[in-house]
Ligand SMILES: Nc1ncnc2c1ncn2[C@@H]1O[C@H](COP(=O)(O)OP(=O)(O)OP(=O)(O)O)[C@@H](O)[C@H]1O
């Protein structure tokens, strides 16, 4: 029996001897005009730890390496991807499907905000509606050729996360944490969910890890000392990178200029993604 067994065979994809019901394949096919090579989910245990920022930075890093990149914004009730890329246009559609909007550097983006008349309109939908919208971002959007698609997942392990893992072909997840979180518990949950869904955990990224003072050059652990290395070792996963608290990152998101970010924090992650192969 799997260590993370919750006795719910219908939502679990682990092939164990105790399985009571056959495994259902809920996987949906992407649009017939989409050719998506790798799909990476970016998850976090709670909101506000910088999951959307990390999603954007990963897409930009891979685009800078010359890959065709895309972001599927599955954070339907808190969509922030279009703003950080400075996208103000809406998505077009025709009888074949919906077209993602391209950023200045060519990253293809689909987000609920690209379909709403006003960016400030709230999405007051129940879980199944939200999950349905995310599924349509996969099945009805004409993504074309994509080397790396990043999915900005909603925080936690609710309805929408389950839909993404069951319906989309996710090749791996990256877990974003911050030092003040109950990191060990959150990483445990993410690792167990990934195991249940048969999706590999590619590694952890610690955001807001430290602040480097401009004047004295020293690093300060604003949210407390990091325990990420130990947690990663305990769970047998890698630490892929640590991002500082940098007001320039927040300003870049606010100004829609995330593609101009300057920093090498995610270089190793980008190399790892290349090694995972297409
Ligand atoms: N390392 C950082 N330095 C400075 N600002 C940051 C950093 N990380 C995130 N921020 C800022 O914090 C805010 C929250 O970040 P972000 O939207 O990426 O979090 P999130 O985890 O995706 O939140 P939610 O789950 O609510 O969507 C944003 O304004 C972002 O610009």
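Quick reminder: no glycine exception, Cβ is built from N, Cα and C everywhere.
TrEMBL entries are annotated by machine, without manual review.
TrEMBL has this to say about the protein:
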| type | residues | note |
| --- | --- | --- |
| BINDING | 45, 46, 47, 48, 49, 50, 51, 52 | ATP binding site |
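Most Cβ neighbours within 10 Å, among the binding-site residues 46, 51: 51 holds that distinction in the structure as shown.
For the binding-site residues 45, 47, 48, the greatest number of Cβ atoms within 10 Å around a candidate Cβ is found at 45. When secondary structure is read from DSSP and collapsed to three states, residue 52 (ATP binding site) falls in the helix class. For the binding-site residues 49, 50, 52, the ranking by surrounding Cβ atoms (within 10 Å, all protein chains) places 52 first.
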